[in-house]
């Protein structure tokens, strides 16, 4: 199982430092750029949300490209490819290097160049969507020439790390974290290539009509279930034992949870168009798989909870554990929302409403991003050679993110229900569409406010991270823990408090 | 090492089966769809199904503007609380109380479209059969695209304005015959200045062509009789 920090021998820490040094460049580059895209996506999400309430906001002639219909896909694409995947790749590089137990012999420079090209791809894509070259395929909105610019850098980074891990790790057998990470890294190119070849290349030559929309929904679902979920859960399985110093509670449960996710993940997706022009069995299977996914999600959540058990006080002090704890809990919530909107009993009022946006944000933000934040708070000081500047900034980031994303997901799911119920209400048969617009408006105000909260938190996260990447952090051997407001006077070498400090709940 | 091989085979199998069954086979089947002729004795009409086709040029405008973010093109079957089929104006029957529910969309309806923009959300009305309920004059559709909240009756609309698909130019002579006409109660700042008129660009004309071509409830061969018996 994962080694704990309490048993460091000198040679161990030297080896770790060498591993960290060998991946420093690409990982910090990916983190900094990911945070930049997160900020950009948050700004776009905020403007798009305001436009839903007040369509004339920023509605100037020269801002013609900021229509909701272009801003919303650009916002989601920046969130998914700019932030989430990029941060995920950075964390995966570091984790696989650490898991392999060996410093990279080379390839860091290549991965850095690949990282640059990934960002070039995302930039081209976002500009492409805004300027009207988008494909209108959900999560594949980037202009159709962009996907190779994303796939090749991805493969360079992923193959490099998988080969390194495989070479170094021949004798040790598989580790839970590595299983999850490798599953994510291997599945995504398959999903991405399938989505793009079918929808961008194949369909242009031989039309596939409505099935194309189904494949698109499958792509989104598979990316969540077979890339974001395993990567985020792998990160949880690494850091929870590491920080609590306790082994994973049950290896058997973990295995069931892993294979359950992998086996079911690929089946979901088509239920987005249930009752529509896709073969009805595909939607039925998708809905069933999504409901069955509650089982592995519950198993994983239980395992994480039992692993943390007895050490919950560490959540107060460790920024990493705090974010990861929220992320891990959110996976269960995400699965619950997915099950709710994916079947014919409860999903009829959720289909085609804001609830789907709420589900995507629960998956990409409340679950995945939170685990990434946790990992970044752990990894960056080890690579940058300095400690986080301010516990207050971390706390600020944590609380505004948690409040923001909770409000956002709740508003979108409940608002989606209000919207869908109004559309399906027999009283509105002969009405124009006004009912569902008015019913959901209050929740859209909530959505805009929540994005404003998240913008505030991410602005400080970005600033803080940039200081760290530039090596301008605190010079100290003690990590920045969330115990004191003024850590500068009293370096945080105190043991974990037995009761929550007042400042942490502010 | 057996551990890693087991892992790889397990992964490939677990993901490969749904990949093959959900994506590859349906895609191959979908591209083999061909129009089907109606049987005059059975269906009572002649011709082929689907009888309508969409305007592809306009669909490209629809795609690049991202209309599918808020508009679906899919009628769901009328059961378990779904009323798409009974909505006023969502099918060819435009009366207040349609006699029959609009039939749910089938994948044959989207034959020939590279990837059908079925839609991401339904923040605006479904457009599967918009061609039937579109206003008689093209100018009215243009006005909706140019200024969605043009009159007081649709001030609640949250649709973005697609003004960038239109040109404001000085009136020459009697003015263009395509120029938009604006309602009396429209806000002054939305109207062009005196001596100027608003004309659609070719992209706007194509988009309207596409919207008018959306008629996805053609009778299905072999199902017409059953539909009437309801």
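The backbone N, Cα and C atoms fix where each Cβ goes, and this holds for glycine too.
Since we're looking at a predicted model, the values are computed, not measured.
These features come from TrEMBL:
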type	residues	note
DOMAIN	A:33-417	domain 'Cytochrome oxidase subunit I profile'
TRANSMEM	A:27-54	transmembrane segment
TRANSMEM	A:74-97	transmembrane segment
TRANSMEM	A:109-133	transmembrane segment
TRANSMEM	A:145-166	transmembrane segment
TRANSMEM	A:178-205	transmembrane segment
TRANSMEM	A:217-240	transmembrane segment
TRANSMEM	A:252-270	transmembrane segment
TRANSMEM	A:282-302	transmembrane segment
TRANSMEM	A:323-345	transmembrane segment
TRANSMEM	A:357-378	transmembrane segment
TRANSMEM	A:398-418	transmembrane segment
TRANSMEM	A:448-472	transmembrane segment
Are there at least 3 C-beta pairs under 8 angstroms linking the transmembrane segment (A:178-205) and the transmembrane segment (A:357-378), leaving out pairs fewer than 6 apart in sequence?
no
The transmembrane segment (A:178-205) in contact with the transmembrane segment (A:74-97), cutoff 8 A, at least 3 CB pairs, sep 6+
yes
Give the nonlocal contacts of the transmembrane segment (A:27-54) in its own chain as ranges (CB under 8 Å, at least six residues past its ends).
66-68, 71-72, 74-76, 78-79, 81-84, 86-87, 89-91, 93-94, 112, 115-116, 118-119, 122, 126, 369, 372, 376, 379-380, 383-384, 441, 444-445, 447-448, 451-452, 454-455, 458-459, 461-462, 465-466, 469
Per the Cβ under 8 Å criterion, with at least 6 residues separating them from its ends, the transmembrane segment (A:323-345) contacts 229, 232-233, 235-236, 239-240, 268, 271, 274-275, 286-287, 290-291, 293-294, 297-298, 300-301, 304, 308, 315, 351, 355-356, 358-359, 362-363, 366-375, 377, 398, 402, 409, 413, 416
In contact by Cβ distance (the transmembrane segment (A:217-240), the transmembrane segment (A:145-166); 3 or more pairs under 8 Å)
no
Taking only the residues in the domain 'Cytochrome oxidase subunit I profile' (A:33-417), give me the average pLDDT of this model.
93
